[in-house]
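Peer 1: Just dropping this structure here.
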Amino acid sequence: MHREPPKKKAEKRLFDASSFGKDLLAGGVAAAVSKTAVAPIERVKLLLQVQASSKQISPEARYKGMVDCLVRIPREQGFFSFWRGNLANVIRYFPTQALNFAFKDKYKQLFMSGVNKEKQFWRWFLANLASGGAAGATSLCVVYPLDFARTRLGVDIGKGPEERQFKGLGDCIMKIAKSDGIAGLYQGFGVSVQGIIVYRASYFGAYDTVKGLLPKPKKTPFLVSFFIAQVVTTCSGILSYPFDTVRRRMMMQSGEAKRQYKGTLDCFVKIYQHEGINSFFRGAFSNVLRGTGGALVLVLYDKIKEFFHIDIGGR
């Protein structure tokens, strides 16, 4: 008779709206700050990834690498074009990262209930991986159209409004939806789910696992947390980068009368056959630098949760 109240209390905690809302706020604020800081590198990375599929960039005008891209963007499009699409990126990234973090902690409660880290280490480790992957996949289903629009806006290289393909976020979504329907906004969704599970599983799972092995995970020094986060984001980014390249290429097809790829597998095969394996990792170094922003998100998220006095369960 006396076991029922604790059970109800546990159920209440599992679906605590207040805690969930604070998770959204903490993750969103941390993400907005970090993405604005690394926006120029983000745009360079996108251009290097998709220039072979862009009709706006002729073969002879393609960027030779990160440095060439960094030099030519301000010269050809203006200095502030480094932040082109950044507002859309912040709008997209707020719900994406916030939902990732919020769902991650909820999935951790579901997957790790009753798991003892000391006695069931591998089950605990796999639960961390599963919670990270499930959080990323769930969030992607909700915000994919915004991610799609962010990509198309980021690789739009016209100098003035008359040369641009899209006027802004709303214009991009409306034009693609009008020409291809809602399905056009989900171009590349399948490979995105595969890539996001690989990335998020290692991103969240490895970070939480390594921090959990420290003597006092809740009192980890900032520099130690940042170093762990930096290593995790770099490894996760490289591991999932080929999936990201293919999904970006698939996104470039929406709204086009003639399509370059028949599907995800065809895209993988054609990139390998016509451009070589290195093309799957084009812009990867920029992504490593951009990963600094991802590392900051992880660390800032923990600090913001501490500020709001949110219990970081399992850490």
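Each position is counted from 1, following the chain as shown.
Note that Cβ sites are derived from N, Cα and C of the backbone, with glycine treated the same way.
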Peer 1: Looking at Swiss-Prot, is Ser254 on the same side of the membrane as Val115?
Peer 2: no
Peer 1: Which one of these stretches, 20-49, 122-142, 223-243, has the most C-beta pairs shorter than 8 Å to the transmembrane segment (87-111)?
Peer 2: 20-49
Peer 1: With DSSP assignments reduced to helix, strand and coil, which class does Lys104 (ADP binding site) get?
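Peer 2: In three-state terms, Lys104 (ADP binding site) counts as helix.
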